[in-house]
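I have placed the structure first, in the form of C-alpha cells, so that the comments after it can refer back to it.
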Amino acid sequence: MAEATPLLHKSDSADFDPSSKQSLHLDETIEQCIGDFSFAQLIQVLLLNFAWFLDSHQNFISIFTDAEPKWHCTQPGSDPCSSATDVCHLPDHAWSWDDPAHTTFISDWNLQCENSFIKGLPASSYFFGCVLGGLFLATLADSSLGRKNMILLSCLLISISTLFIAFSNNLWIYALLRFISGVGRATLGSTSLVLSMEQVGKRWRGQVAVVCTLCAMFGFLSLPGISYLNRGNSWKTFYLWIFIPTIPYCASVFFFVHESPRWLFVRGRKEEAISTLKAISPTNDKTKNLIMALSSVAVLEQESRNVDTFAAFRLLFQRKWALRRLSTLLFMVCGIGTVYYGMPLSLGNLSFNLYLSSALNALAELPSLIIISLVVDRFNRKSLLLFFNMLGGICSILCVVKGKVFTRIQIGLELVAFSSTAVAFAVAHIYSIELFPTSVRNSVLSLTRQSIVLGGVFSPVLVAAGRRNDFLSYGVFGLVVIFCGLFVVLLPETKGKKLCDTMDEEESKEGSAFHGTNCA
C-alpha cells in the first residue's frame with residue numbers, strides 16, 4: 001500500500017541539506033520541531049488541560065446536589081418514629097431534614113419516596129448526554145471544526161446549560177439541562193488532551209497526562225470546598241459557583257490556544273500549520289530549518305482532505321483491524337468508568353462524613369498522579385491497565401464485606417479502588433491516543449471517553465439501589481471492572497512507538513499486510 005504521508009529530507013544537524021537522499025517522515029519532522037519542550041508549549045498544555053478542572057466539576061457535582069439528605073425524628077422515642085429507617089413510612093409531622101430542604105434537589109422537590117430511577121435520573125441523563133455527545137460531536141474535531149473550535153463549542157454548551165440549571169423548577173427540566181451539559185462535556189476533556197499531546201513531543205506525552213490528572217484532581221477537590229461554603233444554601237447556587245470559571249476559560253482558549261499542527265497538515269492547511277509550529281516550537285536554527293523544509297512539502301491526500309463530518313467513523317468501521325481494535329478498547333474502558341464514576345457517587349452510602357470522604361477521594365488522585373509519573377514510561381500500557389483494573393475491582397468488592405474489621409477499613413478500600421481506577425483511567429487515555437492515527441485520533445479518544453462514561457450511565461441507579469444493598473453498587477462495580485479489564489490482552493502494545501498520521505500509514509508495514517507494530 002502506498003504511503004500517504006509526505007517524506008522530508010533528513011538532517012541531523014542544524015544545517016538542513018535539501019540535496020540529501022535520506023528521507024524524514026512528516027511525524028519525525030514535527031517531532032524534531034516540538035521535541036524540545038518550550039515555554040510556549042507549557043502555556044498551551046496548562047491552558048488546555050484546565051478543561052479537566054471544569055470536567056471534574058460536571059462529573060462529580062451530583063455527589064452534593066443529588067444526595068439524599070440526612071433526617072431526624074421530631075418526636076424521638078415515639079412510635080413509629082423510634083423504629084423507622086425510612087421516612088416514607090412516617091407521617092410528615094414525625095420527621096424533618098437535618099439541613100434546609102433546598103440543599104439538594106431530592107429534598108427540595110420532595111422526591112425522597114420516589115424510586116431509584118427517578119432519584120438517579122438527572123445524573124444518568126448527564127452521562128447519557130456524554131455518550132450521545134461523543135458519538136455526534138467527537139468527529140467534528142477530526143473533520144470540519146478542528147480541535148480548538150470543538151473545545152470552544154463544548155465549553156459554551158456547558159456554560160449555558162449550567163447557568164440555566166440554577167433557574168430550573170422541576171425534575172424534568174433539570175434532567176434535560178444535565179443532558180445538555182453532558183453533550184457539551186463529552187468532547188471537552190478528550191479534545192483538550194488530544195490537542196495538548198499533538199503539540200508536544202512523544203517523550204512528553206506521559207507528563208501531559210500527569211498535568212491532565214492533576215487538573216482533574218484539583219477540580220474534584222474544589223467541590224467539597226465549594227459545597228462547604230455553600231452549606232445551607234440552595235443546590236442551585238452550587239451550579240452558579242461552577243458556572244463562573246467557564247466564561248474566562250472560553251476567552252482564554254479563543255485568544256491564546258493554537259490549533260494542532262498535525263491536524264492542520266492532515267487537513268491540507270499547510271500555512272497555518274507552519275505558523276503554529278513557529279509559535280510553539282523552541283527558537284533555534286535547527287527548528288527554523290526544519291520548519292522551512294515543511295513549507296515545500298505537499299499536503300496529504302485522500303483520507304486527509306475533504307473529509308465530511310462522519311468520515312472518521314467510516315474510516316474506523318471500514319477497516320477490520322481498526323474496528324476490532326476499537327471495539328476491544330471500548331469494551332475494556334467501559335469497566336473503568338463503572339468504578340471511576342460510581343465510587344464517588346456512592347460515598348453517601350458509607351457511614352462517613354460526606355465532605356471529608358469526597359475530599360479524600362479527590363486527594364486519592366494525588367497518589368494516582370505520582371504513580372502515573374513513575375510508571376508510565378517504565379512499564380507497558382497493557383500491563384498497567386491489567387494490574388490496576390484488577391486491583392480496583394478487588395478492593396471494590398471487598399467494600400461489600402461486613403464485619404468489624406472491614407467496616408473500619410471500608411473507606412480505605414474505597415480509596416484504593418478509586419485511586420487504582422484513576423490510574424487506569426489516565427493510562428487508557430494515553431493508550432487510545434497511541435493506538436490510532438491523527439486522521440481519526442480525536443474521534444477515537446472521544447469514543448473511548450464516552451465508553452468510560454457509559455460505565456457511569458447506570459451508576460446513579462445502582463448507587464440509589466445500593467442504599468439498601470451494598471452489593472448492587474460496590475459489588476457490581478468490582479465485578480464489571482475485573483471482567484472488562486481482561487480484554488486489554490487482545491490489544492497491541494504502543495509504548496515508545498511513533499504516532500502515525502493516516503489510516504494507510506497505520507495499516508502498512510513494508511508493503512505487507514497490517515501487523516500492528518509499525519506505528520502507534
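Quick reminder: no glycine exception, Cβ is built from N, Cα and C everywhere.
Keep in mind that what you see is a predicted model, and the values were worked out from it rather than measured.
According to TrEMBL:
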{"type": "DOMAIN", "residues": "44-496", "note": "domain 'Major facilitator superfamily (MFS) profile'"}
{"type": "TRANSMEM", "residues": "120-138", "note": "transmembrane segment"}
{"type": "TRANSMEM", "residues": "150-167", "note": "transmembrane segment"}
{"type": "TRANSMEM", "residues": "208-226", "note": "transmembrane segment"}
{"type": "TRANSMEM", "residues": "238-257", "note": "transmembrane segment"}
{"type": "TRANSMEM", "residues": "322-343", "note": "transmembrane segment"}
{"type": "TRANSMEM", "residues": "355-376", "note": "transmembrane segment"}
{"type": "TRANSMEM", "residues": "383-403", "note": "transmembrane segment"}
{"type": "TRANSMEM", "residues": "409-432", "note": "transmembrane segment"}
{"type": "TRANSMEM", "residues": "444-465", "note": "transmembrane segment"}
{"type": "TRANSMEM", "residues": "471-491", "note": "transmembrane segment"}
(message) Before we move on, state whether the transmembrane segment (150-167) and the transmembrane segment (471-491) share at least 3 Cβ pairs under 8 Å, counting only pairs 6 or more apart in sequence.
(response) no
(request) Report, as numbers and ranges, which residues of the same chain sit near the transmembrane segment (322-343): CB under 8 Å and 6 or more residues beyond its ends. (result) 59, 127, 315-316, 361, 385, 389, 392-393, 396, 414, 417-418, 421-422, 424-425, 428, 431-432, 435-436, 440, 444, 447-448, 451-456, 459, 462-463, 473, 476-478, 480-485, 487-488, 490-492, 503, 506, 516
(message) Taking only the residues in the domain 'Major facilitator superfamily (MFS) profile' (44-496), give me the average pLDDT of this model.
(response) 81
(request) May I ask which of the stretches 238-257, 383-403, 409-432, 444-465 has the most CB pairs under 8 A with the transmembrane segment (355-376)? (result) 409-432
(message) Under 8 angstroms, Cβ to Cβ: which one of 120-138, 238-257, 409-432, 444-465 has the largest number of such pairs with the transmembrane segment (471-491)?
(response) 444-465
